[in-house]
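*Asks:* Okay, these came from TrEMBL:
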- A:S147: active site, charge relay system (ACT_SITE)
- A:D223: active site, charge relay system (ACT_SITE)
- A:H256: active site, charge relay system (ACT_SITE)
There are 2 protein chains.
Amino acid sequence: MKVVSTSKSHGGVQGVYSHASEVCACDMTFAVFVPPQAKDGPVPVLWYLSGLTCTHANVMDKGEYRRVAAELGIVIVCPDTSPRGSDIPDEKDNWQFGCGAGFYLDATQEPYARNYRMYTYVTAELPALVAANFDVDMSRQSIFGHSMGGHGALTIALKNPERFKSCSAFAPITQPSTAGWSRPALEKYLGSDEKSWRPYDATLLIEDGCRFDAFLVDQGTADGFLQDGLRPWLLDEACKKAGIELALRMQEGYDHSYNFISTFMEDHLKWHSRHLA
Amino acid sequence: MKVVSTSKSHGGVQGVYSHASEVCACDMTFAVFVPPQAKDGPVPVLWYLSGLTCTHANVMDKGEYRRVAAELGIVIVCPDTSPRGSDIPDEKDNWQFGCGAGFYLDATQEPYARNYRMYTYVTAELPALVAANFDVDMSRQSIFGHSMGGHGALTIALKNPERFKSCSAFAPITQPSTAGWSRPALEKYLGSDEKSWRPYDATLLIEDGCRFDAFLVDQGTADGFLQDGLRPWLLDEACKKAGIELALRMQEGYDHSYNFISTFMEDHLKWHSRHLA
């Protein structure tokens, strides 16, 4: 693991690190905020998964999580959203596929299967690296994210309910296999047999029997992707049918940007902190 | 005035606006955060001046001022740091001069005198525009900034003590006329007669009789520009000699970045709010 940069913030340290990822077969960069409490022993870990077009840096710059994470004593880890590099297959003019759009799945189709393995990366390789290099209590983990990353958090929590104490999302995609902006990506990564998409679709995972104790979801009513891309009512229906507790909060007038995320960041961190306690 | 974008944040509105500036003879862009309290009548205004290389966007993205400004009911205005555009004289490979480095002065030398008039822009043209377009109480104004912009705030407050209720700075340049990274800019903007630089040098303004009630300055001890560029002890000496109250706080381990600024943003906003009350 290489230290790219560290900077003191709110009494803790905001760092950026890189490493040669075996899973993604390329160098990967990620951000870690370590709160001041880490000096006194292992602290819990909260994973933040970002949305389409983002790197590790967007939420680090604009998410405003450090003040509250420093108060609550939580490590925040922010992975990238895809493999990157000059030899990584990509569609440079398509922001909904390839670099910046890994969808937190393990691709099975060529030429993507070798690098686009973000599910294994964020659930296995990166956690092992974080556990080895930071003083974290891996028995206390939670996960959240935004948009594509909010959906990533939901699916990863549903498939690993024993690992995560809580899961929340800002404006998550809820059913990527039926949304116009994500169907083409699923097909290119996973092939045309839609059965293979179900393990990477939050509402279909619930339909197929996956369960999680409780979700918190914030969604802005002025979000331009609400009606076609995000559709939180699909998650609401799926959770109601399955008996999963979902606090879905429609936030009047908020859009899809980090102005929305940063407004409700404190709520989410406090909610996770209660579950991590 | 043209609305570039607006986005709800912390119950208020973060907007970006542009206008044809007569003073700078080009289009200028600025950011304004309007807190929710503005619905009930005029609110005070706090001006934030950014540092070298920045636009209006850096502090808007990374300064983390909205939560506290929304709580305290303060409008935050963030101007650009220089004129910009394809027909603006610039030195593209020099980050300490030209675009992004207006130093909040009115240039007298050609070819800069026509556009580089940031002092008049931020003290006259932009305030008039803000007063005409936002529900602000212009009898309650304060000013702060970072680095070059922290210095801009100090000089503008010293020259307009009747206008500003308070002035603070993050890691300000304190004596640009003797610092290596700013001397060449002053010479190019103002000519080789160093007497003409004195009205744009905070410690020399104090030497020349300008006064202000009280300053708050935070400075990180791990700031790479501390020893050669910033030198807060020069401001400290000048203030002590002049009987100006200066709260100079050396912040252990903090660097020059927005991680430092955002850590102490709440302190500064609360300090200004007490003076604006």
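The backbone N, Cα and C atoms fix where each Cβ goes, and this holds for glycine too.
Because TrEMBL annotations are produced automatically, they should be read as predictions rather than curated entries.
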*Asks:* Measuring Cα to Cα, how many angstrom lie between A:S147 (active site, charge relay system) and A:H256 (active site, charge relay system)?
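*Replies:* A:H256 (active site, charge relay system) has its Cα 8 Å from the Cα of A:S147 (active site, charge relay system).
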*Asks:* CB neighbours of A:D223 (active site, charge relay system) within 10 A?
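*Replies:* For A:D223 (active site, charge relay system), the 10 Å Cβ neighbour count is 21.
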*Asks:* What whole-number Å value do you get for the CA-CA distance of A:H256 (active site, charge relay system) and A:D223 (active site, charge relay system)?
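*Replies:* On Cα coordinates alone, these residues lie 5 Å apart.
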*Asks:* Determine the Cβ neighbour count for A:S147 (active site, charge relay system): the number of other Cβ atoms within 10 Å of its Cβ.
*Replies:* 24
